[in-house]
Amino acid sequence: MAAVMEMNPTAGKSNCSQEMQVDKKLIPRKVPSLGSTRYVIAFITHLCNFTLKAQGVIMNITMVAMVNSTDHWFQFNGSTEMLPVDSFDSQNNVSKSRPAEVPLYDWSPQIQGIIFSSLNYGVILTLAPSGYIAGRIGTKRVVAIALFGSSLFTLLTPLTAGLGLFCLIVTRILQGLAQGSGLGGQCALWEKWGPPQERSRLCTIALSGLMLGVFIAILLGGVISQAFGWPFVFYIFGGIGCICCLLWCFLVYDDPTSHPWINITEKEYIISSLAQQVGSSKPSFPIKAMVRSLPVWSIFLCCFSNNWLINTLVAYMPTYISSVFNINIRDNGFLSALPFIVSWGIGLLGGQLADFLLTKNVRLVTVRKIATVLGNLPSAVLLVVLPYLNSTYITTMTFLTLSCGLIPLCQSGIYINALDIAPR
């Protein structure tokens, strides 16, 4: 579970603490957050995370329109009840929801699974190294290159799909390399911009863009695919990514010292707050201490399980709904997107609640553990139970929404806990 511990490789043993390692008496008066530069940085990072995640998941909704049929994918114990006719405009089948003259592919469910997962092959390779590289050359450069690369490969996806399955999978892997760099590289940003007592809010604002990206991509992906054809989904979100890349390059800086427009009072507040953290004087990379650290392994396992839940919902919710309810791609997009907008809102509230509990002298380790348990355990139980229920669409959507909605509470737990134990 979450833990708070500062690793010092030069000492005989690790320095453990159950509280925030900051001398609160030395921190200057808090600068208002409304309109502050650090929150502008958080919202821009929110936008970039929105873009990266949207570009990664649009394949999951467009797949319904790209293949000849997604019918009879699974054999569930659940009901194959059709949605009521009056709940949507029409009850068209999938084939009627596609515009004419769009490419269709005869991909089996196994091939589709490989296409979905190929993005994560690249993400795994760059997620951890990108954080270290960003600490060396700067977060601004790493995320800018990653955002541009992901946008470029998104724009190229319709072309590579037409060239063949191998080209498409390679493109997805390369896009994953870029996305992993962007997601991992941004962690170094809060080392310089996030005062410890505001870190939960700033990080959850930034990370909640991931769930908003899933919501918008799935919601609009179905509408765009039905109206213009699935290739336009990749063109539109690829173009949005290029615009976000420009905003990132012009508005984000690696630290308050290098930012040309930051208020002097805010700059002093951030620098003074971060100066009170306990840290090693040597910029070392304590691999041995990390391997031997139980808190590190706890964070690793909890992050693994949380990402497994997220990726399962993102990858298979549209096809699950399509196969069980037999609805068109537009209505599929509406239903598949609903759980993610709930998840986005709960993620933002979770960061506010975590920092509120810290101001009430609740122990930091307690806050991190509560957030981690609530974000992992109930969501997993709901997903495990769902296939065994002979449920209606209302019950199914309720379970999916609750499971997805609770997941981002981990943003205030294990994800920020990494900065608690390793503030450098």
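Placed from the backbone N, Cα and C atoms, the Cβ positions cover glycine too.
Per TrEMBL, the features are as follows:
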type     : residues : note
DOMAIN   : 57-424   : domain 'Major facilitator superfamily (MFS) profile'
TRANSMEM : 114-133  : transmembrane segment
TRANSMEM : 145-170  : transmembrane segment
TRANSMEM : 202-224  : transmembrane segment
TRANSMEM : 230-253  : transmembrane segment
TRANSMEM : 294-317  : transmembrane segment
TRANSMEM : 337-358  : transmembrane segment
TRANSMEM : 370-389  : transmembrane segment
TRANSMEM : 395-416  : transmembrane segment
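Same-chain residues lying 6+ beyond the ends of the transmembrane segment (230-253) with a Cβ under 8 Å from its Cβ atoms: 40-41, 44-45, 47-48, 51-52, 54-55, 58, 61-62, 65-66, 98, 102-103, 139-140, 143-144, 147-148, 150-152, 154-155, 157-158, 189, 217, 220-221, 224, 259-260. Among the stretches 145-170, 294-317, 337-358, 395-416, the one making the largest number of Cβ pairs under 8 Å with the transmembrane segment (114-133) is 145-170.
If one looks beyond the transmembrane segment (395-416) by at least 6 residues along the same chain, the residues whose Cβ comes under 8 Å of a Cβ in the stretch are 2, 78, 199-200, 203-204, 207-208, 211, 299, 302-303, 306, 309-310, 313, 317, 324, 335, 338-340, 342-344, 346-347, 350-351, 353-354, 367-376, 378-380, 382-383, 385-386, 389. Nonlocal intrachain contacts for the transmembrane segment (337-358), taken as residues 6+ away from its ends with a CB within less than 8 angstroms of a stretch CB, comprise 20, 197-205, 207-208, 211-212, 214-216, 218-219, 313, 317, 364, 367, 371, 375, 397, 400-401, 403-409, 411-412, 416.
When pLDDT values are averaged over the domain 'Major facilitator superfamily (MFS) profile' (57-424), the model yields 82. Cβ atoms under 8 Å from those of the transmembrane segment (202-224) belong to residues 38-39, 42-43, 45-58, 60-62, 64, 186, 189-190, 193-194, 230, 232-233, 236-237, 314, 317-318, 329-334, 336-337, 340-341, 343-344, 347-348, 350-352, 354, 408, 411-412, 415-416, 419 of the same chain, restricted to positions at least 6 beyond its ends.
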